[in-house]
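As written in TrEMBL, here are the features:
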{"type": "ACT_SITE", "residues": "B:SER148", "note": "active site, charge relay system"}
{"type": "ACT_SITE", "residues": "B:ASP224", "note": "active site, charge relay system"}
{"type": "ACT_SITE", "residues": "B:HIS257", "note": "active site, charge relay system"}
There are 2 protein chains.
Amino acid sequence: MSLENTNVNKSFGGWTKHYAHRSTTLNCDMRFAIHLPPQTANGQKVPVIYWLSGLTCTDENFMQKGGAQRMAAALGIAIVAPDTSPRGTDVADDDSYDLGKGAGFYVNATQAPWNRHYHMYDYVLNELPQLIETTFPVSDKRSIFGHSMGGHGALVMALRNPERFQSVSAFSPIANPVDCPWGQKALTAYLGKDTAAWADYDASILMRKADVLVPALVDQGEADEFLEDQLKPEALEAAAKASGYPLKLNRRDGYDHSYYFIASYIEDHLLFHAGHLNL
Amino acid sequence: MSLENTNVNKSFGGWTKHYAHRSTTLNCDMRFAIHLPPQTANGQKVPVIYWLSGLTCTDENFMQKGGAQRMAAALGIAIVAPDTSPRGTDVADDDSYDLGKGAGFYVNATQAPWNRHYHMYDYVLNELPQLIETTFPVSDKRSIFGHSMGGHGALVMALRNPERFQSVSAFSPIANPVDCPWGQKALTAYLGKDTAAWADYDASILMRKADVLVPALVDQGEADEFLEDQLKPEALEAAAKASGYPLKLNRRDGYDHSYYFIASYIEDHLLFHAGHLNL
């Protein structure tokens with residue numbers, strides 16, 4: 001399959017587009033969304049922020065519910081939202097919502113049966129940006145953000161590859177996956193029982209030893225049902241304190257884990273990234 | 001069933017809430033959403049804009065995808081979004097998406113089997129506002145807007161009850177339902193084959209003979225797939241011209257029938273209503 005434009009919706013003077021393509025990294029057909037702001041209509045190259053979604057999401061949720069297009073137009077930023085796992089009838093899956101399809105956790109799986117397709121880390125870091133930057137009117141300036149599992153993914157991507165991203169932010173990230181049920185289940189399945197292999201995918205462990213520092217913003221709702229058991233922002237705060245990492249972490253009274261929270265603060269996140277993208 | 005709060009999400013400093021209740025008008029259990037802006041936390045009574053959704057929608061679509069909460073907070077406006085039809089296992093339905101559940105067309109049905117439950121006109125005009133105004137910190141100042149089938153509903157409500165609404169607006173309304181396939185199918189089923197009964201539910205017919213004039217705003221996407229066959233804004237424009245009606249109708253290049261269009265211009269509509277609600 002070559003790159004196929006499956007849908008386009010005009011939005012705030014720009015275009016929210018969905019594409020299907022064959023991923024060589026994931027060994028399956030994939031979908032992604034890209035929002036191009038109105039500035040691109042004249043061939044202007046704009047920077048890209050990659051959005052990584054949370055458990056059960058697809059390439060659609062953020063574009064429909066995130067409310068980012070308004071500020072994307074004001075600032076001149078493109079946003080790319082990949083799917084959350086490999087897809088297809090021959091792709092390994094699990095009955096639970098937090099493993100398998102919709103739950104790729106942005107890792108490179110090493111364990112069967114997952115290692116045949118589940119290489120979301122390489123897909124998001126390499127294949128997708130190469131495709132985006134050779135296809136669309138975008139520059140090679142990148143930032144990255146995400147929600148929950150995708151907040152974990154965004155932080156890990158930026159912490160391990162500081163030369164690739166100008167800034168990173170997250171809503172309600174799984175901040176310390178080696179120490180929570182969601183993370184332990186997924187990392188065991190994808191990486192095996194040896195926890196030494198997990199450390200490369202834990203934002204709190206990575207932030208504690210970071211030396212090249214990508215500016216980071218995190219927003220966390222205080223009424224988030226997953227806050228205590230799964231998200232553990234205190235681990236990230238402790239890591240930042242230990243390494244002097246430039247992390248700004250806001251706790252927001254009354255907000256939960258939903259897209260209503262994301263939409264309420266998306267403007268802050270886009271302005272944060274715009275500042276670091278020199279817009 | 002008494003009024004039951006089934007869900008609440010904090011959003012832009014306010015609260016998007018979902019409720020279930022027993023509707024005596026519709027003779028079934030119903031759901032609606034209300035967004036209360038932050039001003040209501042101090043007991044301030046705010047005006048209400050009623051949002052009527054389109055075919056296949058529920059009480060959820062607008063709150064999740066419309067992007068209205070940001071300006072609702074800035075302006076101090078509550079928004080109420082009812083479901084689009086009666087619901088329940090004993091409610092008459094049809095296999096098609098444009099008749100029966102999800103397609104109440106905001107009429108009072110007179111024909112069996114629809115007349116047992118399908119009285120959305122009375123529900124939206126009377127029962128729901130009474131419930132809202134006796135339950136929530138809102139004033140009795142009301143405006144109304146909607147999308148597609150709901151744009152039709154909003155225009156009909158305001159044109160027939162100008163004393164109830166300060167202003168009306170619509171995205172992509174079914175502007176002349178007596179003269180399009182969606183409208184003819186629904187009106188035949190709900191009201192019978194005698195087209196004389198249809199005129200009370202046709203915005204273009206009502207606007208042509210209006211004497212008390214509720215200010216009206218309509219936005220219509222030029223790339224809307226339903227524009228020519230179903231929506232017919234030119235009929236509404238001709239009616240407004242004939243009666244000198246204060247209708248502002250914008251045609252928007254490149255926009256389609258989706259919530260991406262609604263979100264792109266929701267700020268304009270909220271500002272329009274705020275002006276007529278004296279905010």
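The backbone N, Cα and C atoms fix where each Cβ goes, and this holds for glycine too.
Feature map: annotations from TrEMBL on the structure.
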{"residue": "B:SER148", "record": "active site, charge relay system", "CB count, 10 Å": "25"}
{"residue": "B:ASP224", "record": "active site, charge relay system", "CB count, 10 Å": "21"}
{"residue": "B:HIS257", "record": "active site, charge relay system", "CB count, 10 Å": "22"}
